Amino acid sequence: MAVSSCRRYSTKYNGTKRTKPASDGSAQRSAEFHEAQQAARKTQKVLSGLLALAILAPTAWYLPQLLSQPSTNRIFDPPRFTPFTVIAREVVSPTSILITIRPNAATFDPEPYRDSWAKGPWSVEIKQPELQIARSYTPLPPSEDTQDGDLRFLIRREHKGEVSGYLHSLGVGATVQLRGPHSEIELPEGVTDVVFLAGGTGIAPALQIAHTLLDVRSNQENRKPKVRIVWANRRREDCMGGKSSLEPGKLNFWTSNSAKQEPSNVLVKELEALQRKHAGSLTVDYLVDEESTFLDQKKVMQLTKTTSDTESDPQLEKVDRKWIFVSGPEGFITYLAGPKRWEAGIEGQGELSGIIGRMRLRDWKVYKL
Ligand SMILES: Cc1cc2nc3c(=O)[nH]c(=O)nc-3n(C[C@H](O)[C@H](O)[C@H](O)COP(=O)(O)OP(=O)(O)OC[C@H]3O[C@@H](n4cnc5c(N)ncnc54)[C@H](O)[C@@H]3O)c2cc1C
């Protein structure tokens, strides 16, 4: 090898030597050295040019595309699924967990989901890889502990549920596949009042709406809408520590009968912190079936009676300002606002009936999530 490279070296310079008559040995060496330097400089220039091209060409091609894409597309790539890793898992109750997941690929966007949060409630699909089935889940608003790109979910384990059971079985470090995002409804500008009746995991879209209206669309103080959430659960264990102003008598009875008041669970703590942050704009009340505190016409009336004194845009229709959302299990939605209906393969709103339908509320738009 050493011989061969040496031979190549000598051949080159011997060749050059033969075309120029040699007068002086040192001048010849200097000319050779000068030529070699020039050749090296040329090669360096060509290489630098190629390197710059290699770096700049893809950037110049990719950057306009990147900037023109909605921000969430940088993480999601529908119809393909995107891999995420479970980075935290917290138990909320015997049937519910909070999981936090992080995209496997690094994101350089500080707010990769801002388009979704600006619109209102949204969901993603999560895949069960063995059965190749996917179900919808609702990302919770970011918390102080989450990084850019992280997503959190409240997952309730359904009895013999395929995907919820799979998600409950995952530990920290496991991979999950997500697809989306899917916007559920785009909230109009100028909303002044929201009453959100949430059953079970229906609390997730309630938190999304509060986040969109009170954090993302941060209006001036006097334009902040009023958001009133009622969270109904079958069992106290799902909303441990949550108090209600809607039926204080019954709750006091329950509380005073408890040997000691149980501490708030992780989600109730988060809701309490949110209420403190948005004092005057956000209230959360808790109702529990097993304590016989149910949502009825009287309570819905109570919630819709006192509306905000927020200045509203006179151009907007009255019904665009005040919204009642109902979200939760099928029976919960049907009882309060009548069943949703499948229309041409899409789950539609169906007609308004149930408790709210009978109330014939004027000025309020009702939406089933
Ligand atoms: C937009 C949207 C957002 C959602 N967000 C959330 C969320 O944030 N958190 C959350 O926990 N859930 C959420 N859900 C619900 C979620 O999508 C799933 O429906 C839920 O997790 C149950 O799915 P699963 O695969 O575990 O249960 P499945 O396997 O679909 O079973 C559902 C129920 O049906 C029963 N069942 C299944 N097969 C049969 C059968 N052959 N005969 C009789 N009974 C049967 C099961 O026992 C179970 O109780 C959301 C749903 C939607 C539409």
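From the backbone N, Cα and C atoms, a Cβ is placed for every residue, glycine too.
Residue ranges 1-37, 297-333 are listed, and TrEMBL annotates 1-37 among them as region 'Disordered'. The predicted model assigns the domain 'FAD-binding FR-type' (79-188) a mean pLDDT of 95. In the shown protein chains, 22 other C-beta atoms lie within 10 A of the C-beta of SER164 (FAD binding site).
In the three-state DSSP assignment, the secondary structure recorded for SER164 (FAD binding site) is helix.
Within 10 Å of the Cβ of TYR137 (FAD binding site) there are 23 other Cβ atoms, across all protein chains.
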